[in-house]
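Encoded as structure tokens, the structure appears first; notes follow it.
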Amino acid sequence: MSRYRGPRLRIVRRLGDLPGLTRKSARRAYPPGQHGQNRKKRSEYAIRLEEKQKLRLNYGLTEKQLLRYVRRARRVTGSTGQVLLQLLEMRLDNTVFRLGMAPTIPAARQLVNHGHVTVNGRVVNIASYQCRPGEEIAVRDKAPSRKLVENNLQYPGLANLPSHLEFDKNKLVGKVNSVIEREWVALQVNELLVVEYYSRQA
């Protein structure tokens, strides 16, 4: 399954706010479609599926990519759900988004893919790159790159910088100080239900 490229507000109305996908909020509180307001009681499977979809769409992943992350999380000591969120949050595209360099994760991915971002002084154009504590994330020292990010900083996707990051707006340089803590994950999701969803596949 490929990444979702359809109407974003339609997804937000169905799943709730997805801060990584879009800054817009749904004006209608019920799901889209003719029968959106007449929702039947959902099965446990449907609830787990919805949480999985939230995670996949917010971080802009394909089904295969998310499954790989679940498998990686299972191999790490600790809560699989929490490790899964940390792996997703520490991706380079998400880190660029959380630093305020881009208004959404898709926009951050584009910055990375087009070579506008450096890690420890070297251009990294792989959005899935895992950022580590101590690494410096910066805007490439080129006029087009700086202009893009300076424009984005005027309209950040999220207001608060998470505690594991720091950012110098004048130099356009950020630093990863630690791995993100659960309370700073912006997406409202039950990660345990996501792990349960994949329990037979991972």
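Yeah, the Cβs are placed from backbone N, Cα and C, and that goes for glycine too.
The following features are taken from Swiss-Prot:
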DOMAIN    90-152  domain 'S4 RNA-binding'
REGION    22-43  region 'Disordered'
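Using DSSP to sort the residues of the domain 'S4 RNA-binding' (90-152) gives these counts of helix, strand and coil: 26 helix, 11 strand, 26 coil. When averaged over the domain 'S4 RNA-binding' (90-152), pLDDT in the model lands at 97.
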